Amino acid sequence: MVSEQVMDLVDKGLMLPLMEEFYTIQGEGYHKGTAAYFIRVGGCDVGCHWCDVKESWNAETHPPTQIASIVDNASNYSDTIVITGGEPLTWDMGPLTAALKEKKLQTHIETSGAYPFTGIWDWICLSPKKNKLPEEEIYAVAHELKVIVYNKHDFIFAEEQAEKVNGKCILYLQPEWSVREKMVPLIVDYVMKNPKWKVSLQTHKYLNIP
Ligand SMILES: C[S@@+](CC[C@H](N)C(=O)[O-])C[C@H]1O[C@@H](n2cnc3c(N)ncnc32)[C@H](O)[C@@H]1O
Ligand SMILES: Nc1nc2[nH]cc(C(=O)O)c2c(=O)[nH]1
Ligand code: SF4
Ligand SMILES: [Mg+2]
């Protein structure tokens with residue numbers, strides 16, 4: 001049981017349910033290939049059936065952790081900190097990102113955008129989900145749009161989402177891992193026909209790193 005005091009600190013974003021942290025190479029999207037420290041925050045209600053981190057969903061299984069200790073630790077590893085989850089925007093990202101910025105660290109987020117936008121971010125990767133669409137405000141500030149392609153309808157969904165993002169946003173199609181053999185040829189063909197899109201692969205899975 002978590003005390004009411006801890007629940008209040010989590011509500012304020014001063015503590016966060018921390019699932020795991022690891023220093024690795026960003027595998028996906030625009031910053032692919034760049035060393036970064038990942039902070040995976042528990043809690044997600046979006047429910048993607050193909051989610052590759054379902055253990056993250058239940059916030060109660062991840063210990064509420066003081067943001068000061070998360071930041072002190074992260075600053076030992078890298079100048080670039082990727083906040084992921086779970087769905088990080090489940091929580092108020094304001095205090096965590098303010099503390100990271102105070103240490104002059106680059107703040108990146110991986111998000112579905114399904115909850116209100118909070119935090120100070122140097123890079124926003126928006127990966128929208130059909131079952132819980134992004135809140136409107138994130139489309140104007142996203143730096144990259146990364147649509148997961150599980151079936152052919154996802155190309156239509158990708159175009160709908162591309163209509164909504166700002167003009168500078170870089171557009172990626174990323175195969176859902178379990179169907180990659182089937183979807184990669186379709187994505188390659190689609191990108192050659194529609195070159196405003198780029199291919200993103202989960203390169204960390206090919207490299208056998210976290
Ligand atoms: C696990 S999610 C956590 C962050 C946030 N909840 C989100 O979905 O953006 C991190 C990234 O992995 C992608 N992802 C999750 N499962 C995947 C899978 N099976 N194949 C390809 N990409 C996947 C998500 O779309 C997202 O871009
Ligand atoms: N190496 C590596 N790159 C990633 N990019 C996004 C990830 C995520 O799960 O959010 C991820 C991840 O889990 N590992
Ligand atoms: S939104 Fe992200 S963490 Fe949540 S179920 Fe979907 S892929 Fe997994
Ligand atoms: Mg991942």
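Placement of Cβ uses the backbone N, Cα and C atoms for every residue, glycine included.
Shown in sequence order, Lys32, Gly33, Thr34, Ala35, Ala36, Thr203, His204, Leu207, Ile209 are the residues of the chain, 6+ apart in sequence, with a C-beta less than 8 angstroms from the C-beta of Ile25 (substrate binding site). Sequence annotations record features per position, and here TrEMBL assigns substrate binding site to Ile25, Gln26, Gly27, Arg40, Thr84, Pro210.
The feature domain 'Radical SAM core' is assigned by TrEMBL to 31-210.
The [4Fe-4S] cluster binding site annotation in TrEMBL covers Cys44, Cys48, Cys51. In sequence order, Cys44, Trp57 are the residues near Cys51 ([4Fe-4S] cluster binding site), counting only same-chain partners six or more apart with C-beta under 8 A. Under DSSP, Cys51 ([4Fe-4S] cluster binding site) is assigned to coil, being neither helix nor strand in the three-state scheme.
Taken from TrEMBL, the feature S-adenosyl-L-methionine binding site covers Trp50, Cys51, Asp52, Gly86, Ser127, Pro128, Lys129.
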Conformational class of Gly27 (substrate binding site) under the three-state DSSP mapping: coil
Spatially speaking, which of the binding-site residues Gln26, Gly27, Arg40, Cys48, Pro210 is closest to Lys129 (S-adenosyl-L-methionine binding site)? Use C-alpha to C-alpha, please. Cys48
May I ask which of the binding-site residues Ile25, Gln26, Gly27, Arg40, Pro128, Pro210 have a CB within less than 6 Å of any atom of ligand 1, listed in sequence order? none
Within 10 Å of the Cβ of Cys44 ([4Fe-4S] cluster binding site), how many other Cβ atoms can you find? Include all protein chains, please. 25
